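Have a look at the structure below, then the notes.
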Amino acid sequence: MDTGLDTGLEADTLFHDDPQSPVATPVPPPVPGQQKPPPPPSPGQQRDPPTGPAQQSRPPPTQSGGSGPLSPDEKRKPENKRRAEAVKAAFIHSWEPYRDFGLPDDELRPASREPYSTRNGWGASAIDALSTAIIMNLPGPVNEILQHVRGTDFSKSNTKTSVSLFETTIRYLGGLISGHDLLTEIDGRKRMVKDPNDIKVLVTKAKQLADRLSIAFNTTSGVPYNELNWEMNGPDKPLDYATTTNNLATVGTLILEWTRLSALTNNDRYKHLAHNAEMFLLLPTSWGATDGGKTKDIVEPFPGLVGFDIFIKNGTFKNGYGSWSGGADSFYEYLLKMWMYNASPSNLIFRDRWIKAVESSMRNVASHPITGVNNITLMQSWQADRRKGNFSQHLTCFDGGNILLGGQVLNRRDFIRFGRHLVDGCRHTYAATPTGIGPESFSWWSQDETSYKPPYFRTESSAYVLRPEVLESYYYAYRITGQTKYQDWAWEAFQAIEKYCRAEFGYSAINNVNIEAKAQDPEINKQLIRSNWRNEQESFWFAETLKYAYLIFADDDEEYQIPRGSGYSGLLLGRNRNKWVFNTEAHPIRVAGIPQ
C-alpha cells in the first residue's frame, strides 16, 4: 500500500448536519449490553472456508498424463500467463522510457517525456522498481538499477528540498533492503546479477541513508520529526516543541525497515530508534494526562483505535480524531507485519494491538452503505467523542487485504470474512465509475438515509494517481480464499488503467475517474482520454501497482508469494508459512523469526 500523510478533509468538515451531504449525522455509540452477536449460520447456509492450523502444503491438483478433466487451476493457467505477461509488458513500457530519459531523477512525465524529482533526486522510480523487476525475472532492469545504486550518494539530497523520513524509509530503505533479501534468498534470482558485489552494495547504501536519517530521532522524546533539511543534518524548519506533532503513520511505519536493517548490519541502533518511538503508539496517552490535566481528550475512542497526531516533545497524543486512511493507515498495517516478521514473545504487543484494532473496527466503525447488503463494507473515520464520519480514501482500501492476511496468519475466520467484505466495498467504488477505476476519496450515506440512490457513494476527489491499494487487496483475497473472481476483478482494473492511463512514455495519473470515452469517433475518445492525464507517474506505480497486478496472475512461482490459504481445494494438508512480509511499498522483506 502506498500510504499517504494527507488525512483528507479536516475533521470539522466531516461531522455536520447538512441533510444534502452523504456525511451523515453521527450515530451515537451503542449502549453497552444492547448489541447482540451475529446469529450462527442457518442450516445449509454457506460458511467461509476453514483456516486450519498451518502445516505442510500440497500444490493444487494438476492434470497429469493427459487423462481426466483439467482442474480449475489448470484451466486458467494459459489465461493467467497471458495476463501476467501483459502486466510485465506494462512494466517494460514504463521502465525503458524512465531509464532512457528520467534517471537519475525520480520520475518521468509519461506524456511529455520530462524528468522531474519529488523524492530528493536519488532515482526513486529505479529503487522502487528493483524488487518488482527481480520478481518478474528481468535481468536487464535489475542490473541497470544496481548500477544506478552503486553510483548514488545518499548522504544528502540531490534537490534542495526537504527529506521525508517516512517516504524515504518506505521507498528507498525498503527498496534497497528488499533488493538485497530477494537476490540473496531466492534461488535462481541471484544468477541474474552480473556483479555479485552489487548485492552487498544495497545494504551499504541503506546504511548510509539510515545514518543520515537517524538525526530525525534526536528529539526530547525520541519521537522523530518527519521533514529533514536537504543537507540532512537537522529539521527542515526550527522545531517548536510546544506545538510540533508528527502523525501516526509517519512514526508507526519505520519499525519494519529499521529493524531489518539492524539485522543485516548487526547493529541494533536502527532498531532501537524505531522501537523507542513506536512504544508511544503502542501505549497511547493523552497530552492532558501529563500537562496538568488541561484536557480530557480521549486518545483511544474505541479500543485499539487512536488519533492521528503525536507531540514530538513527549510522545503523547493530541486528540482522538482518526481513521484507517492516510496519516494512520500503515501504522495498523505494520502491527500485524511486525508480528509476522518476528513472532517472538517481545513482539506479542504488536499482534495483540492489531487484534484489538480489528475487533474494535468490526464492532464500531464498519459501515454498510447499501441496505441489506452487508458484504459491501467500508471503514468510517472517528472523533474523540466517538462520532463517526462516512468518508474514506483509495489509500484505505488496503484494509481488506491486511485483515485477510491477519485472518490467515492467526486462524481467525471472522477476520477473513470481514476482510472479504471490505474488499467488496472497495470493489464497488471501481465498478460504479464509468472508467472502472475508483476515486482518490469518497463519502457515502448511512443506511438510515432515505434520499440515497445508486451508486451509494459520492466522489470527493475524482483523481486516480495510479494507486495500488485495491489491487493489493484483490491479491491477498485471491491468495487466501482461492476465489478466481479476484483475479478477474484485478484484470478488469488493469484493463481500465491500460485504456485511460497508458501514455507514450509510461502511465499517467488521471484527473477524473468519472469521464466516459464512448464516442463513435475513436479520435474524439483519444482526445478525451489524453485531456484527462495529469502527466505524472509516481514511483509506487513500479513498486506496488504493477507488482500486485503481476503477482495475482503469476501463480506458478510460489517462492515469494503469500502462501495459498485453505480456500484452495488442493491444500489438503493446510498451508505453507509466510517467508516474506511486504512493507507498505510492497517491497518483500525476509522474515527473521519463525514463519507465520
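Glycine is no exception: its Cβ is also placed from the backbone N, Cα and C atoms.
If you look up TrEMBL, you'll see Glu167, Glu440 marked as active site, proton donor. Among the features that TrEMBL reports, active site is placed at Asp329, Glu469. Annotated Ca(2+) binding site per TrEMBL: Thr584, in sequence order. Here TrEMBL flags 25-43 as compositional bias 'Pro residues'. TrEMBL lists 72-85 with the feature compositional bias 'Basic and acidic residues'. Per TrEMBL, the feature disulfide bond maps to Cys397-Cys426. The region 'Disordered' annotation in TrEMBL covers 1-85.
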For the compositional bias 'Basic and acidic residues' (72-85), the number of residues DSSP places in helix, strand and coil: 14 helix, 0 strand, 0 coil
Most Cβ neighbours inside 10 Å, all chains, among the active-site residues Glu167, Asp329: Asp329
Same chain, 6+ residues apart, C-beta under 8 Å of the C-beta of Glu440 (active site, proton donor), given in sequence order: Gln393, His394, Glu460, Ser461, Ser462, Ala463, Tyr464, Val465, Arg467
Length of the line joining the Cα atoms of Asp329 (active site) and Glu167 (active site, proton donor), in Å: 14
For Cys426 (disulfide bond), the number of other Cβ atoms found within 10 Å of its own Cβ: 28
Inter-residue Cα distance where the pair is Glu469 (active site) and Cys397 (disulfide bond), in Å: 5
The residue listed as 'Ca(2+) binding site' to Glu469 (active site) - Cα separation in whole Å: 10
DSSP three-state assignment for Glu440 (active site, proton donor): coil
Alpha-carbon spacing, Cys426 (disulfide bond) to Glu469 (active site), which is rounded to whole Å: 9
Assigned element (helix, strand, coil) containing the residue listed as 'Ca(2+) binding site', judged by DSSP: coil
Rounded distance in angstrom between the Cα atoms of Glu469 (active site) and Glu167 (active site, proton donor): 17
